[in-house]
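Novice: Have a look at this one.
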Amino acid sequence: MTITAADIRRDVKEKDIKFLRLMFTDILGTLKNVEVPATDEQLDKLFENKMMFDGSSIEGFVRINESDMYLYPDLDTWIVFPWGDEYGKVAGVICDVYTPEGEPFAGDPRGVLKRNLKSMEKLGFKSFNLGPEPEFFLFKLNENDEPTLEVNDKGGYFDLAPTDLAGNTRREIVNVLTDLGFEVEASHHEVAIGQHEIDFKYANALKACDNIQIFKLVVKTIARKHGLHATFMAKPVHGINGSGMHCNMSLFTEDGANAFADPTGDMGLSDVAHSFIAGLLKHAYNFTAITNPTVNSYKRLVPGYEAPVYVAWAGRNRSPLIRVPASRGLSTRVELRAVDPTANPYLALAVLLAAGLDGVEHKLEAPEAIESNIYVMTEEERKAHGITDLPSTLHNAVKALPEDTIVTEALGEHVLVNFVEAKRIEWASYAQFVSQWEIDNYLELY
């Protein structure tokens, strides 16, 4: 359904909307916004693409001497938030970032994904679909409304009350998401204490990434209302599972067919699917800095906590990087299991698409599927199967990122340079920090 300027003007009037959030995403994946009053004058500026902002203070955008940027709204992303306060109702729209010359800004992550989707269309595909599975933790707040490290419950996978104490919080999140147009498919407690997952229906990659950003905003807002802090940090607690964001991906052709499906193919998969998998495996080591972009991300990517460590693929086996869920036909998809929810979704999907399409374009052949538990294999067994490791640290991942031309071209020079610089600073800061583990292990020993 296409939303027009007239639809938005009518919404503003009929729903008594007082403020507009003009939302965009920085290179590190943080949702930003410029808020303006919902007056006729401001609406005119919005629809005429005349909303200007200072991009010099936004992570990875521009220098201070070239800071003027413009926000072009994608009207189809219009939402009216179902919460408000004494200052009035708030609505929002996701925007693309443009230069004063009217060109898409090279540092806009949403624009990066759109550019890669155009490259996909040139290869004859109509859409790249994503079904994300974002996980998050809920922590209690202290008397100053600051997050603690005390989880909200001691529940486990699919638990019910009384061990799952967040049922009402999740229900309100689901209700709000539904009001905003999401089709929520499942809501449940995850494996770790205090960990939760809410799954929503797949969509084309651009809409799915927009949904991820709005989803995070809703989860954090509703959690705070219930006296809790929601975090999408990959591994907030030692010794238990971390939070992932499995990405279920599929390509569709112009005639509406799933390009990954072939009933006569090996495992019910087409040659396109096998080549897409091969491309993902080929570039996995190099794109991991994008899909797992924080120091903490690599505390999750360790054996023993249901997170992938090894570059391989399988059918139902959940130990490799990639698996193919059992559904076939239009539901045929490839699930990449390494991504965590700290990733910038637009950049992550851009590099995953580029990697997969490299495999398709060059008709790469996927290696054998590994259906045995890789975690219990010896190093020699893994080597015999051609199984390699993902990067073990952010330092190694960032070092590998610029070495892959497919991945770097997907990102573009502006994003690549600014992302790498930010992550090198992050690693240097971490490397100099003296942790409690070091104190516990070395202070008395030496």
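Numbers here mean position along the shown chain, with the first residue as 1.
The backbone N, Cα and C atoms fix where each Cβ goes, glycine too.
According to Swiss-Prot:
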type	residues	note
DOMAIN	15-102	domain 'GS beta-grasp'
SITE	Arg63	site 'Important for inhibition by glutamine'
DOMAIN	109-446	domain 'GS catalytic'
BINDING	Glu133, His246, Glu335	Mg(2+) 1 binding site
BINDING	Glu185, Ser250, Arg318, Arg323	ATP binding site
BINDING	Asn241, Gly242, Arg300, Glu306, Arg318, Arg337	L-glutamate binding site
Novice: Around the Cβ of Ser250 (ATP binding site), how many other Cβ atoms lie within 10 Å? Please give the count over every shown protein chain.
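Specialist: Taking all protein chains shown, Ser250 (ATP binding site) has 21 Cβ neighbours within 10 Å.
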Novice: Want to know which binding-site residues, from Asn241, Gly242, Glu335, Arg337, are within 10 Å of Arg323 (ATP binding site) at Cα; which are they?
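Specialist: Those close enough are Glu335, Arg337.
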Novice: Could you tell me which three-state DSSP class Arg300 (L-glutamate binding site) falls into?
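Specialist: Once the DSSP labels are grouped into three classes, Arg300 (L-glutamate binding site) ends up as helix.
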Novice: Least buried of the binding-site residues Glu185, Glu335, going by other Cβ atoms within 10 Å?
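Specialist: Sparsest of the binding-site residues Glu185, Glu335 by Cβ contacts within 10 Å: Glu185.
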Novice: Compute the C-alpha separation of Glu185 (ATP binding site) from Asn241 (L-glutamate binding site), stating it in Å without decimals.
Specialist: 23
Novice: Which one is closest to Ser250 (ATP binding site) in space, judged by CA to CA distance, out of the binding-site residues Glu133, Asn241, Arg300, Glu306, Glu335?
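Specialist: It is Glu335, whose Cα lies nearest.
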Novice: Using Cα-Cα distances with a 10 Å cut-off, which of the binding-site residues Glu133, His246, Arg318, Glu335 are near Glu306 (L-glutamate binding site)?
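Specialist: Near Glu306 (L-glutamate binding site) by Cα: Arg318.
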Novice: Using a Cβ cut-off under 8 Å and a sequence separation of 6 or more, which residues in the same chain sit near His246 (Mg(2+) 1 binding site)?
Specialist: Pro132, Glu133, Glu335, Leu336, Arg337, Val339
Novice: Check each residue in the chain of Arg300 (L-glutamate binding site) that is at least six apart in sequence and keep those whose C-beta is under 8 Å from its C-beta; list them in sequence order.
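Specialist: Result: Ala234, Lys235, Asn241, Gly242, Ser243, Gly244, Asn292, Ala307, Asp340.
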Novice: Can you check which residues sit near Arg318 (ATP binding site), meaning Cβ under 8 Å from its Cβ, same chain, 6 or more apart in sequence, and list them in order?
Specialist: Glu306, Arg337
